Amino acid sequence: MAITLPIYMDHLATTPVAPEVFEAMRPYFCERFGNPASRSHPFGWVAEEAVEQARAQVAHLLGCKAAEIVWTSGATESNNLAIKGVAAAYREKGRHLITSRIEHHAVLDTCKRLEQEGCQVTYLPVDRTGRVDPGDVERAIRKETILISIMAANNEIGTLQPIVEIGRIAKRHGVLFHTDAAQYVGKLPLSVDDWQVDLLSASAHKCYGPKGVGALYVRMTKPRVKLVPQMDGGGHEKGRRSGTINVPGCVGFGAACALAERELQTEPARLLALRERLRNDLWSKLDYLHLNGHPTDRLPGNLNVSFGFVEGESLLMALKGIAVSSGSACTSATLEPSYVLLALGLNAELAHASIRFGFGRSNTEEEVDYVSARVIESVARLRALSPLYDMALEGIDVKGTQRSLHAC
Ligand SMILES: *Cc1c(COP(=O)(O)O)cnc(C)c1O
């Protein structure tokens, strides 16, 4: 099969809307345009039925009741609603929260905001693979702890957190547990009961649905989670999130979840094979490579590599025609090295030299082979210009770079 450029290998930043998802959404723009809050005529009923069917589809994928799903504008809003909503509702109980240093900005900046308002937040460190130690979570719990928020899968390095263990600890101590699962939902199977999570954030555009739609799962029984709404208005979503529902968006998210559920049988294994194909090829032909994230407990579609003696930005330029991201997709407008990579203990050089490959439905073996060849050739060319690389080959220790590369 011929390859067409550009190649999209950045599926952790966003995904295209799947054709069947788009077809499911289509009627809800021009013909079935009703407002689900209109209770007095069929235009509203038709829209409401579609939104409720979509809610059931999202709930089915997460293993919860439809009534436990709150529609939002995306995982950013879901995280804000979960964390600020719980902080406000449980103020009497306490003002302490626990999270990790490698959360998405939507969690970290929300926590920082709460700190300004008098909350205390513990930011747990991660090990070299990006994992939070459940023992650290347990030790951080205080009498006044109201929420633990730990992401299911990291967007940069793909590392999966020990959610089941953390869920068990949270339950044992009677502390609410939220997880940002924007990168996990639709990519690997999950159940909110197995995880013992009380709140879970999801985003449609990370799993072949449209942008601008998300969901927050809020446990209704054992315990019944209380939330103070963060958007005031007409009292939609049982008062949990006001604002007219994005009907086509929700229909699309529902369809994307139904599609993901079918694809969960085969797609994770296919993406894993593509990732390992690229990894094996790179490691067999290049030296001074550093795998960022956990070697096995990671999203099947994520490969994050630091190329020693190469600048990530130069490599990105050399890879014109291939859409990947360097450092962090969200912070790559700045030249700050990724805080996630720094939290793993990488030095700034290696953090700058990182590329994230994000595999998804459109990617093929042919594309992987093409990308691999281009990366190998570009890295070799850039290193040929690097005096540091020559010195390293001659066995001269270059600012400890070699050691840190070999340590992993
Ligand atoms: C993309 C992402 C978000 C933000 O989701 P939006 O729907 O784009 O607001 C939050 N958390 C993680 C882990 C993500 O990957």
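Every residue, even glycine, has its Cβ placed from backbone N, Cα and C.
Not measured: the values here are computed from a predicted model.
Within the model, the domain 'Aminotransferase class V' (7-371) carries an average pLDDT of 96. TrEMBL lists 7-371 with the feature domain 'Aminotransferase class V'.
The Cβ of T76 (pyridoxal 5'-phosphate binding site) lies under 8 Å from the Cβ of A106, G214, each of which sits 6+ residues away along the same chain. The DSSP secondary structure for T76 (pyridoxal 5'-phosphate binding site) is helix. Annotated pyridoxal 5'-phosphate binding site per TrEMBL: A75, T76, N155, Q183, S203, A204, H205, T244, in sequence order.
Positions annotated as N6-(pyridoxal phosphate)lysine by TrEMBL: K206. Counting only residues at least six positions away in the same chain, the Cβ atoms of L12, T14, T15, A75, A182, Q183, V185, G186 sit under 8 Å from the Cβ of K206 (N6-(pyridoxal phosphate)lysine).
The [2Fe-2S] cluster binding site annotation in TrEMBL covers C330.
According to TrEMBL, the active site, cysteine persulfide intermediate annotation covers C330.
Each of the binding-site residues N155, T244 was scored by other CB atoms within 10 A of its CB, and the lowest score goes to T244. Same-chain residues at least 6 positions away in sequence with a Cβ under 8 Å from that of H205 (pyridoxal 5'-phosphate binding site) are, in sequence order, T14, T15, G74, K211, G212, V213. In this record, pyridoxal 5'-phosphate is bound by A75, T76, N155, Q183, S203, A204, H205, T244; the longest C-alpha to C-alpha distance in that set is 30 Å. Each of the binding-site residues A75, A204 was scored by other CB atoms within 10 A of its CB, and the lowest score goes to A75.
Checking the binding-site residues T76, N155, Q183, T244 against ligand 1 with a 6 Å cutoff on the Cβ atom leaves T76, N155, Q183, in sequence order.
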